[in-house]
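S.K.: As annotated in TrEMBL:
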- A:85-151: domain 'HMA' (DOMAIN)
- A:168-187: transmembrane segment (TRANSMEM)
- A:207-225: transmembrane segment (TRANSMEM)
- A:237-256: transmembrane segment (TRANSMEM)
- A:262-283: transmembrane segment (TRANSMEM)
- A:420-439: transmembrane segment (TRANSMEM)
- A:445-472: transmembrane segment (TRANSMEM)
- A:737-757: transmembrane segment (TRANSMEM)
- A:763-788: transmembrane segment (TRANSMEM)
Amino acid sequence: MNTQNCFHCGNDIVKTEEILFEDKSFCCLGCKTVYEIFSQNDLTSYYDFEKAPGATPQEVHGKYDFLDNREIVSRLLEFEEETVHIVSLYIPHIHCSSCIWILENLQKLQKGISQSQVNFSQKKVRITYDPQLTDLKTIVLLLNAIGYEPYISLENYEGIRKTVDRSLIYKIGVAFFCFGNIMLLSFPEYFEVGEYWIDQYKDFFRWLIFALSLPAFFYSGWGYYVSAWKSIQSRMLSIDIPIALGIIVMFVRSTVDIVFDYGQGFFDSMCGLIFFMLLGKLFQQKTYSFLSFERDYKSYFPIAVTKINRDGREEATQVYDVEKGDRLLIRNQELIPVDGILISENAYIDYSFVTGEEVPIAKKSGDKIFAGGKQIGKVIEMEVLHSVSQSYLTQLWSNEVFQKKTNLKYKTITDTVSRYFTPALLLLAFISFGYWIFIDTNTAFNVFTAILIVACPCALALTAPFTLGNVLRIMGNRKLYLKNATVIEQMAKVDTIVFDKTGTITSNKKSAIAYEGTPLQEKEIGKLKNLLRASNHPLSRRLYDFLPVMELLEIREFEEITGKGIRAIVANSEIRLGSATFVGSSKTEKSKQTNVHVSIDGEYKGKFTFDNQYREGLEKLFKRLSRKYSLTVLSGDNEGERDNLTQLLPAGTILVFNQKPEEKLAYIKELQEKGCNVMMIGDGLNDAGALAQSNVGISISENVNVFSPACDGILDASQFSKISYFLKYSHNAMKTIMMSFGLSLLYNAVGLSFAVTGNLSPLVAAIIMPLSTITIVSFVTVMSNLYARKERN
Amino acid sequence: MSVIYILISISIVVAAVFLYVFIKAVKSGQFDDDYTPSVRMLFDDELQKDNKQKTETKIEKQN
């Protein structure tokens, strides 16, 4: 066992805070308590499956009081009966087999729970309980107490149940059933030509095959006819037209063949074709069900807030029921759901969620506060000005430009190729028909249909789904989760990349602060802390949070000199804090890091060094990207970092500051109107509009389970420096597709040479079709894996 | 040779039964989560190891 890490959560243990319990060491009381709960209930197997699988339980005080409200609870429930309630809860922490085990043994921890079932890929647990023995609040608090806090937001309240669409799987099942049986029934005629018994039974075989092909033709293939018809109507030559044409011609010609006893027809090829193409669709459909790419403000908003009634009682109220004039209580880290006026003396509100500005804003009693901010610190009271639907954030979101354009017609690479392929195919069919008609009418019809059958672009249509589906998976393994396969095509077309600053190229984590110089005594630290309390400068706030809590001291003659530092007399000693020259240090040094120097009573003590908060590999990444792409950094912050950034980033990078969410969106739009393909990389809600407007919107997330705005892809923050790799890989994916197109056209040429000369037999078709499919699928799989390996570093 | 009618009919019926079973399985949601069951099946031994009586008394103590 590792003594350095907490037995429960695996975090590093600070030696002074180490807690020993039953020979195991824990980092904090919370972790120890969870262990105690488990060990009392004989559930310590939890620690056998994975090492340190847990999470530290968070403090909740009254956060879930709204679950006392019957109405809210019944909206959350999936099933409600007198003695049985079923609820599905989303738990972001679910990540390993230990999690599954403990959550499926909840009935041992809480009476009344009869069953709990985990869906790992959706990170959900479905709990069945008896409402007479326990209630939802108890269960949620229990989950929280063992470190599995569920995430309940306004979105759950809306309760839109998604119906799962499984029709593709049914279609594949039916197509495979038909394909398999028809293939077997076709063999006798392929191999036993002219034998006596075949002649006797062939009608039976053929009509059985015909009957078996009907479900595949009418049910499984239906989607292709519909989409072909749609693309004809919108005058787009999509790949579905030759596919649908091929299937229909195959079916009609085969039926004619068996009716007039010309031959056995192409039913096996037809069903195989439908089956393989549906399989390609399924392969491309890979989704990350635990991530959501279509979020709106509802998934951030709490379900309920604490309202203070006229008689002073606190009551949990549904946010939609909040009206103008109500008084609300907002706790530490809670989101303010509506616009209002601050009643408490003062508040620190973090608007990073809306504006991207990370420094909390101080508000005084009577100030207006807007929805979307998070209160930091103590509990505040506010009076409501607008209801939820009329608040700033909701209005901003309802703004039309902020909606992701879903039905934006996008031409895929396959459609582009098919624009040439389809007319060429039809032309060839008609020319051959025109040639043969003068020789033999019968052969002319044969050749005409044979061309359409053999050229049916099965391999062509499969290329993109299999390549992109595979690339999607490989990128997912490397922690870039894309919404769907078309995003890869879009990525390959990008020529301009726009970065957000805060949270994207900078890290959200509190950067480390180090002290260098004469060691400070506790008293001196106390004095510093008191001086910092008075200052609102971002660096002061960070340093203030860094220093340990000390008693309050009296401050006199406080002065803040912009651009230099702060000074005051604290408990009779003069303290200066700021730039080297300001505190009177003789040392002048050039350093990329931000330093704050300290002097006490005129004596230089040392400096606090703030670690560079930019992400690792930022310089290298920008350098690599600047060769191929034009780069822009858009920031909601003020110009404070301009000098630092110009130094850090390659020349030619455009820096734009003071951008509101709408302006970011407008900036992207402007670039697009100039003909650029823009990739936007951002994080918070303040980038939501820009992410939606851009051709490819990638959201950066420190923890992919936490929510990110609507986007095309989510990138794990640790992979930030690999952006150039992903872009290059998308280019290579397109290259693979082009090569594979060449290969499938080669197959088409071979098949067509049979067809044009009038020699296409069902056997040839039955061989060429699966052979080309298998070649293409294995080719693109090998190529995309090869490219992925090559570019790894 | 007319036995072939019976044989083929039987084989088609068997295949159709499998198709029906497959569709039913999909409909009931068996294929929606393809990861959890693979882990869950490994837990069975662990559950039996637990002493039931002991667990129950402990829970009561805690409440």
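Every residue, even glycine, has its Cβ placed from backbone N, Cα and C.
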S.K.: Would you report the average pLDDT that the model assigns to the domain 'HMA' (A:85-151)?
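M.R.: So the average pLDDT across the domain 'HMA' (A:85-151) works out to 84.
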S.K.: Compare A:168-187, A:237-256, A:262-283, A:420-439, A:445-472 by their Cβ pairs under 8 Å to the transmembrane segment (A:763-788) and return the stretch that comes out on top.
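M.R.: By Cβ pairs under 8 Å, A:445-472 leads among A:168-187, A:237-256, A:262-283, A:420-439, A:445-472.
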S.K.: Which one of these stretches, A:262-283, A:420-439, A:445-472, has the most C-beta pairs shorter than 8 Å to the transmembrane segment (A:237-256)?
M.R.: A:445-472
S.K.: Is the transmembrane segment (A:420-439) packed against any residues at least 6 beyond its ends, judged by a Cβ distance under 8 Å, and which are they?
M.R.: 237, 239, 241-242, 445, 447-448, 451-452, 455, 457, 460, 752, 755-756, 758
S.K.: DSSP says what for the domain 'HMA' (A:85-151): how many helix, strand, coil residues?
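M.R.: Output for the domain 'HMA' (A:85-151) reads 20 helix, 20 strand, 27 coil.
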